[in-house]
Amino acid sequence: MQDTTLHIRHLGQQDYESVWHAMQHYTDTRNSDSPDELWIVEHPPVFTQGQAGKSEHILNPGDIPVIQVDRGGQVTYHGPGQLVVYPLLDIKRSKIGVRQLVTHIEQSIIDMLAKYDINAYAKADAPGVYVDERKVASLGLRIRKGCSFHGLALNVDMDLAPFRRINPCGYAGLEMVQCKELGGPQTVIEAGDQLIITLSQLLGYQQLVHHQGLAAS
């Protein structure tokens with residue numbers, strides 16, 4: 001039976017690797033009674049290379065670090081002004097399939113942007129969310145022990161130039177776009193507050209409990 005309470009952890013700006021390892025630790029040590037959590041964070045500039053990633057898609061990283069990680073998908077960029085959301089959910093307990101989870105995440109972004117009269121959409125063959133063939137949100141998950149970690153990255157108000165140093169998600173010439181220039185949410189906080197609402201509703205959570213920072217381990 002699904003626990004209808006979702007714990008939201010607001011992490012501020014944090015180093016990618018420390019949050020990644022904390023996600024792994026939470027997933028590896030959780031049990032059937034552990035609460036589902038949503039981590040809201042921004043990262044300093046970093047390229048992350050997923051398990052399907054190919055080195056030739058990293059064109060010119062320059063001084064931005066490249067980290068090989070254990071999520072699905074290929075290379076992407078994280079940086080200040082981008083909303084990153086990590087759903088740490090027991091999908092086995094809630095009986096949500098992986099494809100259904102991906103669809104819910106994409107739809108939550110589409111629904112949130114629709115509040116700003118932005119016509120966004122998903123693509124069956126290329127996970128993420130798009131507006132006029134430009135990508136506004138990237139998606140990469142990992143499922144371990146029936147539980148999800150990693151998640152989504154929504155471009156809000158950031159420097160998009162580093163995306164030109166890679167083939168985003170393995171697609172050469174893929175153009176990125178962000179909420180601010182589309183007339184969407186203007187800050188990461190605003191985007192996060194709105195996305196929490198749409199995502200929790202789609203996933204069936206009825207009570208949200210907010211926390212600042214990670215739980216003491």
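Note: Cβ is positioned from N, Cα and C throughout, glycine not excepted.
Sequence annotations record features per position, and here Swiss-Prot assigns active site, acyl-thioester intermediate to Cys169. Residue density at Cys169 (active site, acyl-thioester intermediate): 21 other Cβ atoms are found within 10 A of its Cβ, drawing on all protein chains shown.
Under 8 Å, Cβ to Cβ, and six or more positions away along its own chain, Tyr77 (substrate binding site) finds Pro45, Val46, Phe47, Ile64, Pro162, Phe163, Arg165, Ile166, Pro168. Positions annotated as substrate binding site by Swiss-Prot, on the basis of sequence analysis: Arg71, Gly72, Gly73, Gln74, Val75, Thr76, Tyr77, His78, Ser138, Leu139, Gly140, Gly151, Leu152, Ala153.
Per Swiss-Prot, domain 'BPL/LPL catalytic' is recorded for 32-207.
Under DSSP, Lys135 (site 'Lowers pKa of active site Cys') is assigned to a strand (E or B) in the three-state scheme. Long-range Cβ neighbours of Lys135 (site 'Lowers pKa of active site Cys') (same chain, at least 6 residues apart, Cβ-Cβ under 8 Å): Gly128, Val129, Pro168, Cys169, Leu174, Glu175, Met176, Val177. Per Swiss-Prot, the feature site 'Lowers pKa of active site Cys' maps to Lys135; the stated evidence is sequence analysis.
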Site extent for substrate (largest Cα pair distance over Arg71, Gly72, Gly73, Gln74, Val75, Thr76, Tyr77, His78, Ser138, Leu139, Gly140, Gly151, Leu152, Ala153, Å): 16
Tertiary neighbours of Gly73 (substrate binding site) (same chain, Cβ under 8 Å, six or more apart): Gly50, Gln51, Ala52, Gly53, Pro127, Ser138, Leu139, Gly140, Cys169
